[in-house]
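The Na(+) binding site annotation in TrEMBL covers ALA28, VAL29, ASN33, LEU380, SER384. According to TrEMBL, the disulfide bond annotation covers CYS131-CYS140. The transmembrane segment annotation in TrEMBL covers 20-37, 49-67, 87-107, 114-135, 208-227, 239-263, 291-308, 320-344, 364-383, 411-429, 490-510, 522-543 (among others).
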Amino acid sequence: MGAPELSPPERKQWTNPVEFFLTLVAFAVGLGNVWRFPYLCFKNGGGAFLIPYTFMLIFIGAPVFYLELTLGQFTSAGPLVVWRVNPLLRGIGYASLATNCFLALYYNVLIAYCFYYLIASFQLVVPWSTCGNWWNTPLCTDQRTLANLSRIDLDLMKSNKLLLFLFKSAIINHFKYSCLDMTTSPSEEYFYRRVLQITNGVENLDGIVTHLAVALAVAWLICFLALSKGVQSLGKIAYFTALFPYVMLTVLIIRGATLSGAIEGVKFYMGTVNLSVLKNPSVWKEACTQVFYALSCCSGGLIAMSSFNNFNNNVYRDTISICLVTWFTSIFGGFAIFTVLAYFDSQGPGLAFVVFPEGLSMMPFAPLWCVLFFLMMCTLGFGSEFSIMETIMASIIDEFKTYLNTPKKIIIFRFCISLVFFLLGLSMVTRGGLYILNIIDQYLGGFPWLIIGVVELFCIAWVYGVENFCDDIALMIGENRRPGKFWKICWQYISPLILIFTIVFSSLFYQEVTLDDYAYPSWALALGWIVVIACLGWLPYIFTVEICRRGTWGIIKEARLPHAQWGPARDEHRQLSIRYANKNDPKQLSMQTLSTIDGGDTFDLDSAAIEVIAASPKLYVKRLSDVSTTRF
């Protein structure tokens, strides 16, 4: 006798709703809340930017967030399987997973930067606070020396031919300048010359930076260990990754408030309200993209995380709570930045690894504050990275669960995925790796998420049907929590129209990606568009495959209907609605929902109904509407 075929293990669930909530907080609140939102506020009218940001959060962020949480929880399936709701548009799941793969690659590189800075902070004098190190140039000038220079000293520096020669050489080597464009700070030179050892362009990668490769390996090892048991280990870690950053942000705000100039920093941040910027469409466009960054929508992660929920979890409550937490965290993190720095004109890695470390290095007990800051950054990064990678791993496991059917196989698979991603990420820890990271970041955050969002809304609100979707939500959390008109209007009209406007505006006013003053060559920009195609190309590809598989274009009407296995994963949940309990003819039952029918019970049909069913099964659904079969 042959060995019995192993069945796939039962899908794990969160231990309790608190773990799910904290994991969502850790996933949604990431590095972008610390370095991207404050810069956008400063750039776009200070406190006035809160108006478009809040507007986009209400009319785009919350509806898409609610939609994705519902899909995952209702089907108990990852982003690849969940789009069985419409086989023609299954490419949404693959597109989301592709964006997550690129995001995971460069996100862990940023964590490797943070990890390296964290280790370097355990010194009596942090190395980015002084000049005179082997990586410094003659242009390096620390803040204390700069403060003691008189205007005459600076004029003499400008007239010095040797410094002018060094200045021109530094431009060629892509360094950044402050104070009359004649000096560089220790933190700049530490980041670009010591940590990155950056080259003059993407065409010159010039080998792997060893210490960054080691830091990246440690980051991926931590990621594997944290996810070795899936959501069960992820949920426990979320207690730390979700809560610790708030403790550190609070400490930094309290410390920053005691510094001279803190009030000026707050004024730069929120005190200046320039309402005239609201006339500029680019402000609204940046608010829209920031909402996607802040909530991590359309990456498949929300679907994956909610798929481990209990079927009756209150997904509406989670949506409102996470949106409020994200809104608050974005503003809260900005106060931590501006009270310390007072003024800056940088974003992204430049803010996190140059400007802020320089500000911390000038505080008393600088190593302590640097350790706390970079520990917070590592925690924020890992909180998001764990959820991103669990989305990828769980999605593939769902797709191939007949093969990955034992705990041992699943752990080996998770290790192999981590190893592959580490090897792919090595291209971004070369001496020209920052150029590659910037290309992926800029192109990934532009069109892919916005287009995926439009297709998602179209698929659910118009093809599947917004009323059917509301029936599914009522089936999970009760008829009294059925989505109202606001959610329906957003899903059908407001959210997709705003996203389409943002896509069109971004296309009309498209600007080539740069890294500060560095202009990428054409072939490097082409690589960026390849990233976009690798993400969005799944949409037309899967659509075409499904059309060809079904024979002719005329079969689209049939193909747009949900797959026979679409719906709740467990049989007892499927029995709650006749739409899902009947597996033989889902098309005939797709528009009729009956709620709270106990599994195993028979319908109390009268003799007339039985005769109708026997004579014409197609009239079954119509006849059911006249029979009292719903129990509450």
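Glycine is no exception: its Cβ is also placed from the backbone N, Cα and C atoms.
Structure coloured by features recorded in TrEMBL.
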residue : record             : contacts (Cβ under 8 Å, 6+ apart)
ALA28   : Na(+) binding site : ALA294, LEU295, SER296, ILE322, VAL325, THR326, SER384
VAL29   : Na(+) binding site : ALA242, PRO245, ALA294, VAL325, THR326, THR329, LEU380, GLY383, SER384
ASN33   : Na(+) binding site : ALA294, THR326, THR329, SER330, GLY333, LEU380
CYS140  : disulfide bond     : CYS131, GLY132, THR183, THR184, SER185, PRO186, GLU189
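Taking each Cβ in turn and tallying the other Cβ atoms within 10 Å, the top scorer among the recorded positions CYS131, LEU380 is LEU380. Remote same-chain partners of the transmembrane segment (364-383), defined as residues 6 or more beyond its termini with a Cβ less than 8 Å from a stretch Cβ, comprise 25-27, 29-31, 33-34, 107-108, 110-111, 114-115, 117-118, 121-126, 129, 219, 222-223, 226, 238, 240-242, 244-245, 248-249, 251-252, 255, 352, 356-357.
Counted over residue pairs separated by six or more positions, the transmembrane segment (291-308) shares fewer than 3 Cβ pairs under 8 angstroms with the transmembrane segment (490-510), which leaves the two as not touching. Contacts between the transmembrane segment (411-429) and the transmembrane segment (208-227): present, as 3 or more C-beta pairs lie under 8 angstroms, all at sequence separation of six or more. Counting Cβ pairs closer than 8 Å and at least 6 residues apart in sequence, the transmembrane segment (208-227) and the transmembrane segment (239-263) reach fewer than three and form no contact. It is 87-107 that, among the stretches 87-107, 239-263, 320-344, forms the most Cβ pairs under 8 Å with the transmembrane segment (522-543).
Taking the centre of the Cβ atoms of ALA28, VAL29, ASN33, LEU380, SER384 as the Na(+) site, the nearby residues of that chain (Cβ within 8 Å, site residues left out) are VAL25, ALA26, PHE27, GLY30, LEU31, GLY32, PRO245, ALA294, SER296, THR329, GLY383. When Cβ-Cβ distances below 8 Å are used as the criterion, the transmembrane segment (320-344) is approached by residues 21, 24-25, 28-29, 33-35, 37-39, 41-42, 50, 53-54, 57, 61-62, 65, 246, 249, 252-253, 255-257, 259, 261-262, 264-266, 268-270, 294-295, 351, 355-356, 359-360 of the same chain, each at least six residues removed from its ends. Remote same-chain partners of the transmembrane segment (239-263), defined as residues 6 or more beyond its termini with a Cβ less than 8 Å from a stretch Cβ, comprise 19, 22-23, 25-26, 29, 329, 332-333, 335-336, 338-340, 342, 363, 369, 372-373, 375-376, 379-380, 382-383, 386.
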